[in-house]
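S.K.: TrEMBL lists these features:
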REGION    1-58  region 'Disordered'
COMPBIAS  1-21  compositional bias 'Pro residues'
REGION    85-226  region 'Disordered'
COMPBIAS  118-169  compositional bias 'Basic and acidic residues'
COMPBIAS  187-196  compositional bias 'Basic residues'
COMPBIAS  214-226  compositional bias 'Basic and acidic residues'
REGION    243-502  region 'Disordered'
COMPBIAS  243-270  compositional bias 'Basic and acidic residues'
COMPBIAS  280-340  compositional bias 'Basic and acidic residues'
COMPBIAS  360-379  compositional bias 'Basic and acidic residues'
COMPBIAS  414-426  compositional bias 'Basic and acidic residues'
COMPBIAS  432-448  compositional bias 'Pro residues'
COMPBIAS  449-472  compositional bias 'Basic and acidic residues'
COMPBIAS  479-493  compositional bias 'Polar residues'
């Protein structure tokens, strides 16, 4: 017994790479959660509609389909019978489902963040650098500056309203100081390289001292790119500082005007009539009450409209579900009817085929009985002829013959010659008898069926073969016609499995080993059936 070689080492399982997400977490949980390939045969792979999340309506429809399939006794494996029905449909099971209302999801769409326009500069380290451009002094401040101003103004107004009219100046000053502190922190200069001193330690005169010394040398001095870039940045910073100072001045002026207007409004309010103030307050309260009632009424109406919309949507979904259930029930009933019709037709075809096979088997049995009867009659006739021939031979051997001359001697028959040759006394050294000696008596005839000579057996087999050849011509045509009828009945069977099974049974029935009494006819019919295989079982 040969030893089996161990199998080769299996390949390691393919590890699923992590998703390409730009926002990576610092923790190692994402790395630890990376597993091997997902298991096959999951519900998402088997059912294309189960991929991802699905609603309760879809789950309910799947349950209804399962209940209807059990009710109508429709197997899921009946694909061959219902192939024509399913070929007219789409890939999704049971066609396109009715539209389902999407959930109301309010996505917050934020406006895109504006990007500041950047000026194109030459690359650092190039000899041919463009001349430093002056910073464009724009009249309007950038968008982030406006946002800071708006936020500072809102904070200032909120604090002034909360604090009251007792200390308006202190609140405004605090807000202005708060905003000024933030602006100062936002405009803090960035520290320079470690090779240079800080800006507060290095003045403009010291900063450009080396450049001035080089410029004083003559026209041959060529400004470095980093020096041009530094000069350009310095000009931008100076322009920004000037704009910042202008903004502070405008803000202080606006705050002063706002404080003056607030004081004037407070004086007018204190100097007004008390009665008119009460009257105005009552009207104001009534107006407020009316506005509140109107707002509550609008809210109630909106709630009622929302409830009505929800009811309408629920009724519409319920109606769609009922219509879908009716339609799917009708489809299941049609499929069950088609399946029953196909099964009944298949049963009729099988019964007809069984009946034809039984008739063919009975006909073949009758033909075999007829062949056996004819063969038995032929053997009887042959046996009678052999017995008559042996009797005539024995009688001729027993009757004495007159002596003949040498010219009139007849050569002995082959049987006698073989008998004389086989006689051991003839082969010995005994002298031959004279021709005038009386003939010896013939030996007794052998028993019928035993001790026959080879010549008799050869003659008998040749005669039987000639008779069987003459007899098999009509039987061969009858057998071929019977086999062709069976092949035609097989071709009418719609099922390929049934045709294949019937073809195998037909080959087994006409095999030469199954018909030893007529092997020549069975061989010819078997070869004919094998030649018809491609027509009965097309690929």
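Every residue, even glycine, has its Cβ placed from backbone N, Cα and C.
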S.K.: Excluding the flanking five residues on each side, which residues at least 6 beyond the ends of the compositional bias 'Polar residues' (479-493) place their CB within less than 8 Å of a CB in that stretch?
M.R.: 349, 352-353, 356-357, 360, 363-364, 367, 499, 502-503, 506, 510, 521-522, 524-525, 528-529, 532, 535-536
S.K.: Counting by DSSP secondary structure, give me helix, strand and coil numbers for the compositional bias 'Basic and acidic residues' (243-270).
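M.R.: Here the numbers are 28 helix, 0 strand, 0 coil.
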S.K.: Which numbers of helix, strand and coil residues does DSSP report for the compositional bias 'Polar residues' (479-493)?
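M.R.: The breakdown for the compositional bias 'Polar residues' (479-493) reads 13 helix, 0 strand, 2 coil.
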S.K.: Using DSSP, how many residues of the compositional bias 'Basic and acidic residues' (280-340) fall into helix, strand and coil, respectively?
M.R.: 61 helix, 0 strand, 0 coil
